[in-house]
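Here's what Swiss-Prot has on this protein:
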- Gly112, Thr113, His114, Gly115, Lys116, Thr117, Thr118: ATP binding site (BINDING)
Amino acid sequence: MKLQHAKFHFVGVGGIGMCGLAELLHNIGAKVSGSDQAENANTERLKELGVKVFKGHASSNVGDADVVVYSSAIQYGNPEISEARARQIPLIPRAEALAEIMRLKRGIAVAGTHGKTTTTSMTSAIFLEANLSPTIVIGGRFELIKSTAMLGSGEWLVAEADESDGSFHKLSPEIAIITNIDSDHLEHFKTFENVQKSFHDFALKVPFYGKVIVCGDDPLVRQIFENFPKRILFYGFDEKNDLVVTGEHGHYAVHRNDRLLGTKHLVGEFDLKVPGRHNALNAVAAICAGVAAGIPFATCAKGLQRYEGVDRRFHFKGEKKGIKVYDDYGHHPTEVRAVLQAFREKYPKQRLVVFFQPHRYSRTQHCWHDFTTAFMEADQVLLTDIYPAGEAPIPGVTSEKLASEMKHEHAQYFVRDDKATQKILGMLKEGDVFVTLGAGDGWKLGLEVLNQL
């Protein structure tokens, strides 16, 4: 059965990764339906495109589907999952559906604990600049295409590869990018060693004629891939890398190391509108993918110059009364440090007020020590209750306790009640930069603050 003739039903279609895939299959010509507990902007967009979306989960929603696609957020006892099992309808994770689309194209898969969405969107910007009409699947709304997905007529597919449940092993890309490997999603992997092995095994899926692109700044990551049996390219700020990036404040240069001759030469220069060393690294990874696909460096640089960002990544929401409001998805200590350093780079003299909502009890517990020192670039930190993401509370793991152990002099526990917006408005003054951080629903508070300024 060809994809365009199949009937797909998505369980959890409102999720940021699921909605893009549903849109892509709909545009290919497949019959697509979906369901979610709550309606949101993603489900509304799908409805506008003509996709049938059910609010809530019920066995009848499955209908005459040929295959049921589920997200990692869906619980085992979901009635639609049970219905598919009872009727022996194939059940596949999101990554397997993406893998089926990737089989029709030349795939570029962007993996890594941090920076996947940004790197995927930067890579997409480069391929768009080169007029290659790529198919795109991103875990965030990409400003250049005003969506999370786009069906292109070209031969390349640029996709974000989510490692959180290990299902990215379903993908077989021609080019794989690994931005970094950090200790996260231990609710699935159990140990950091399992996380490392998962990325190693993902990279093994690349064919002999493909390329694995890895940030080599982390010695542990270099160790994992040092004698890797595929064509590999290390990039980063460290002089040991094959491609070395230098520069700061939005202007960067890339040099190529010739290990055999012991020489180094300039490959090219590029400019970025988005601040931060982490974004410079993301950009170099995207350049590597572009050049590997035959795109000239100059075209890659032009694509990056056009890059305006992606939703929920250093996202400027607006300014009123001299107060700027931003939102960022960062929810791991490594991400928090990187994004706050980027804010400090962009606003060296302004007061930075950060509202942070931890995401998952398990992550908060595992990263507890790192969280206590992750906010040093902020001037004031407001720590609200943990967003559970379906997890049960863990005794002793609370935001109130974490706030009391923070090394930051001006960190405090903040109750998000019906007076929260007014309390924050009372703290802010002209010239401040207010940032909502986290993978939960804290961004809504930022909009409320902006609307009431």
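Just so it is clear, glycine is given a Cβ too, placed from its N, Cα and C backbone atoms.
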Compute the centroid of the Cβ atoms of Gly112, Thr113, His114, Gly115, Lys116, Thr117, Thr118, then list the same-chain residues not in that set whose Cβ lies within 8 Å of it, in sequence order, for the ATP site.
Val110, Thr119, Thr179, Asn180, Asn282
Least buried by Cβ count (within 10 Å) of the binding-site residues Thr113, Thr117, Thr118:
Thr113
Far apart in sequence but close in space: which same-chain residues, 6 or more away, have a Cβ under 8 Å from His114 (ATP binding site)?
Thr179, Asn180, Asp182, His278, His332, Thr334, Glu335, Ala338
Should Thr113 (ATP binding site) be counted as helix, strand, or coil on the basis of DSSP?
coil
Reduce the DSSP letter at Thr118 (ATP binding site) to three states and note it down.
helix
State the count of C-beta atoms found within 10 angstroms of the C-beta of Lys116 (ATP binding site), not counting that atom itself.
25
